[in-house]
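Student: Swiss-Prot lists these features:
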BINDING   GLY130, THR131, GLY132, GLU169, ARG173, ASP216  GTP binding site
Amino acid sequence: MVFDKLLEQAGINLDLDGKDMMDSEMLGDVSDLIKIAVIGVGGSGNNTITRLYDLGVQGADLIAMNTDAQHLHYVKAHKKLLLGRSITHGKGSGGDPRVGYRAAEASASEIAEVVKGYDLIFLTAGMGNGTGTGATPVIARIIKETARNNGLPQEPLVISVVTFPFKMEGRVRIEKAKAGIEMLLEYSDTVIIIQNDKLKELVPKLPIQIAFRFADEIIARMVKGIVETIKLPSMVNIDYADIYSVMKGGGPALIGIGESDSNNRAVDAVMEALNNKMLDVEFGSGDKALVHFTVGPDVSLEEITKAMEIVYERLGEKSEIKWGAMIEEDMGKTVRAMVIMTGVKSPQILGNIEPNALTYSSSSIVVPRSKRLTESKVDEIFDSIDPRTSKLKKMKDNSRVNKIFRDLGFYEL
């Protein structure tokens, strides 16, 4: 079965989490050179933080932020921050991105203190609900502003990893997710999007709740792999400069994942990753890629290099590709490959975005920096999307909604 090892490690078939960790002394002074944080925002993001904690990720601080005090209480993290205490009183956002936005703005000074001093920050959240959708773009902006205000020579790299709702979750949630991603793209260097419907295609027998858990596992394993390949001795290391080169200004991104324990396992895993994309795009629409292998102790470097030949062949000679590999004892004979490609186009989710651009025309989806979002603009966007709370009259066409989005530099519905 496809993804047997990943499902097993997620505890879906067998509870084999592989928590053996390398001696912390092996980190040496390297851990002080590059400071990394993973921030989970909202319920989905918090679940990923707990999973990373259980996996024993080394080399990164795990930070949970939420408007829901009860959920936050049960999260396993190194640091926790309750957002918008005076606004939600710890009772959550009620699925309203406007509340999530206000909560993050109200906690701006606390967020700035928490995110200070990091070189690389992963933001993880689910798009389509309240806190993840509304608060995550604010947090991304504060990360960048804090670095500038402190006079740092280089802003931290912000990589956001988000899930996109199942189609069956309804149009309102999907449109909220689109708007959230668009706002997030403004302040993230790269936004990796995992389309939940693709998970169902890849593992069709998964029950819906287990599919959410599987998405958490994919995100957690991806982040863990990148962090530890930077921070720990690996079979083939990826350094921070490699990550920076691929992810800086990368825009929208996809992840593909594959596993194999065949006689040609590394090549087969890469082929599966190139075919099992978590976002509907065509290869060739991106220009940079990061490839990461997680392997058992008996895999040779020759196997990996043969697999990389396939990647170069598929992605093209003009693509900038960085890759690394690390050994995990519990992988056994299995090779897992993850391919992250930046600067991709996905009309289904992202409209007519031009990858790697900093500003966009009126038909694009990202708010130009000169039109920074304000509370009233956020209200207008989400009032237009959600008919239950809209200040606008329900109309037969989308002309009014489209005007709002055009004025802000967003996509048209």
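Quick reminder: no glycine exception, Cβ is built from N, Cα and C everywhere.
Computed from a predicted structure; not experimentally measured.
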Student: Across all protein chains in the structure, which of the binding-site residues GLY130, GLY132 has the highest Cβ count within 10 Å?
Tutor: GLY132
Student: If you count Cβ atoms within 10 Å of the Cβ of ASP216 (GTP binding site), leaving out that atom itself, what do you get?
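Tutor: So the Cβ neighbour count for ASP216 (GTP binding site) comes to 24.
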Student: Taking the residues GLY130, THR131, GLY132, GLU169, ARG173, ASP216, which the record names as binding GTP, find the longest CA to CA distance and state it in Å to the nearest whole number.
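Tutor: Farthest Cα pair among residues binding GTP: 19 Å.
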Student: For ARG173 (GTP binding site), just count the other CB atoms lying within 10 A of its CB, please.
Tutor: 22
Student: With H, G and I counted as helix, E and B as strand and the rest as coil, say where DSSP puts GLY132 (GTP binding site).
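Tutor: Reduced to three states, the DSSP call for GLY132 (GTP binding site) is helix.
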Student: Could you tell me which of these binding-site residues, THR131, GLU169, has the greatest number of Cβ atoms within 10 Å of its own Cβ?
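Tutor: That would be THR131, with the highest Cβ count within 10 Å.
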